Amino acid sequence: MSPQTETKASVGFKAGVKDYKLTYYTPDYETKDTDILAAFRVTPQPGVPPEEAGAAVAAESSTGTWTTVWTDGLTSLDRYKGRCYHIEPVAGDENQYICYVAYPLDLFEEGSVTNMFTSIVGNVFGFKALRALRLEDLRIPPSYTKTFQGPPHGIQVERDKLNKYGRPLLGCTIKPKLGLSAKNYGRAVYECLRGGLDFTKDDENVNSQPFMRWRDRFLFCAEAIFKSQAETGEIKGHYLNATAGTCEEMMKRAVFARELGVPIVMHDYLTGGFTANTSLAHYCRDNGLLLHIHRAMHAVIDRQKNHGIHFRVLAKALRMSGGDHIHAGTVVGKLEGERDITLGFVDLLRDDFIEKDRSRGIYFTQDWVSLPGVLPVASGGIHVWHMPALTEIFGDDSVLQFGGGTLGHPWGNAPGAVANRVALEACVQARNEGRDLAREGNEIIREASKWSPELAAACEVWKEIKFEFEAMDTL
């Protein structure tokens with residue numbers, strides 16, 4: 001060891017354990033434009049001060065370990081450490097705090113959501129000093145955002161590819177999700193598309209099972225797409241799920257979809273992983289495929305209010321990793337989603353610049369610069385009576401996806417698709433004429449049903465269906 005190294009390593013080194021807050025709690029720190037900022041909901045163990053808990057989070061998610069180590073002297077910890085720079089109590093929740101942590105940009109590999117999450121949430125959630133920990137939001141600086149490709153195409157490019165403007169897009173998940181043969185599955189796709197839907201969809205767990213291998217499904221769905229396009233004169237698509245057990249197999253399925261000439265494929269981005277998702281997104285941009293993203297497994301991570309990762313963070317991560325659509329709740333259907341919070345992360349998916357707004361759960365102003373937007377998908381327990389509310393809540397730049405609300409129509413799949421298309425067109429026309437969808441929605445649907453027997457039948461079937469449960473994801 002050289003004398004210079006010996007001197008550097010030994011200066012200021014004292015073995016033992018010291019409080020995290022002495023090094024990582026820095027309330028006077030002024031954040032930099034290049035810092036990645038995180039807002040954590042921290043519940044310390046009894047007797048642990050919030051300053052120590054916040055500093056522990058900053059340390060364990062950056063440069064810290066449980067004891068002083070002599071190699072600290074070989075680098076500049078002050079340059080690379082995370083800093084807990086602000087702490088505020090959570091109103092109405094005793095012994096719970098929002099701790100704000102700033103991370104220097106040099107801690108993260110460029111263009112890697114995988115590395116970002118491994119650093120920020122990879123280890124600290126098991127820390128004994130904390131009873132619970134939840135990552136509520138991240139501020140991604142433009143200097144880091146620009147290292148990502150993001151969505152393969154984005155909202156405007158997708159509309160141009162589909163030649164569809166001025167309304168939400170309509171979709172349907174094929175049911176039953178498991179058990180159909182490839183030919184019967186393709187038949188259901190064809191009926192829904194010719195009835196007026198823009199898209200149909202593989203469910204998240206449709207991959208390549210014994211009853212329906214992926215190649216057979218792709219072939220029959222492609223046939224359904226091209227036949228329905230010829231009949232309707234509209235561009236159609238089916239979300240062909242390319243998710244697989246290996247990245248190589250996933251890419252093989254995406255390549256086959258491109259060779260068939262279909263417009264869109266699908267990926268389960270949380271179960272498939274961010275590395276696989278980013279690879280697929282790059283392939284889709286290079287080869288003209290749209291990419292639909294399912295968030296299977298998200299509620300395991302984001303549903304508990306005190307522990308985990310909020311979906312707004314997972315949504316930001318998806319926009320960075322890449323996807324043209326992502327499921328985002330419905331507010332009115334069977335799946336979790338409170339209105340203001342849902343609209344907060346919907347804006348984070350679609351807009352270029354989003355101001356801080358704590359009333360919608362947005363802790364930081366986010367500037368996406370030139371990163372393309374993502375279409376939010378409303379799916380889960382919705383039907384024609386929900387159409388006015390969905391159109392009013394999500395606006396034109398969205399995908400409204402009715403599975404049971406299409407295939408459950410008493411006259412069949414195609415009439416179910418007709419009912420949804422008529423309901424949507426009626427709501428869009430009423431909105432464009434200045435009518436209040438929130439107040440007059442039911443009347444608008446009833447008026448339209450006079451001219452559409454398919455819609456009238458759907459209205460009768462689902463007139464009593466409601467999902468009235470209180471959302472768990474509240475501010």
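Even glycines carry a Cβ here, placed using N, Cα and C.
The annotation N-acetylproline is assigned in Swiss-Prot to Pro3 on the grounds of sequence analysis.
Annotation source Swiss-Prot lists N6,N6,N6-trimethyllysine at Lys14.
According to Swiss-Prot, the feature substrate binding site maps to Asn123, Thr173, Lys177, Arg295, His327, Ser379, an assignment based on sequence analysis. A C-beta separation below 8 Å, combined with a sequence spacing of at least six in one chain, links Thr173 (substrate binding site) to Thr200, Lys201, Asp202, Asp203, Ser379, Gln401, Gly403.
Annotation comment: Swiss-Prot describes Lys175 (among others) as active site, proton acceptor, evidence class sequence analysis. Just so you know, the Cβ of Lys175 (active site, proton acceptor) picks up 16 other Cβ atoms within 10 Å once every protein chain is counted.
The Mg(2+) binding site annotation in Swiss-Prot covers Lys201, Asp203, Glu204.
With a 10 A radius on its CB, Lys201 (Mg(2+) binding site) counts 29 other CB atoms from all the protein chains. Residues or ranges marked as N6-carboxylysine by Swiss-Prot: Lys201.
Other Cβ atoms within 10 Å of the Cβ of His294 (active site, proton acceptor) number 28 in total over all chains. Under the heading active site, proton acceptor, Swiss-Prot lists His294 (among others), citing sequence analysis as support.
Per Swiss-Prot, the feature site 'Transition state stabilizer' maps to Lys334.
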**Complete:** Running the recorded positions Asn123, Lys175, Lys177, Glu204, His327 through a 10 angstrom C-alpha radius around His294 (active site, proton acceptor) leaves Glu204, His327
**Complete:** Taking only the CA atoms, the spacing between Arg295 (substrate binding site) and Glu204 (Mg(2+) binding site), expressed in whole angstrom, is 8
**Prompt:** Rounded to an integer, what is the Cα-Cα distance in Å between Asn123 (substrate binding site) and Lys175 (active site, proton acceptor)?
**Reply:** 39
**Asked** Of Asn123, Ser379, which of the binding-site residues has the most Cβ neighbours inside 10 Å?
**Response** Ser379
**Prompt:** If you run the three-state DSSP split on Lys175 (active site, proton acceptor), which class comes out?
**Reply:** coil
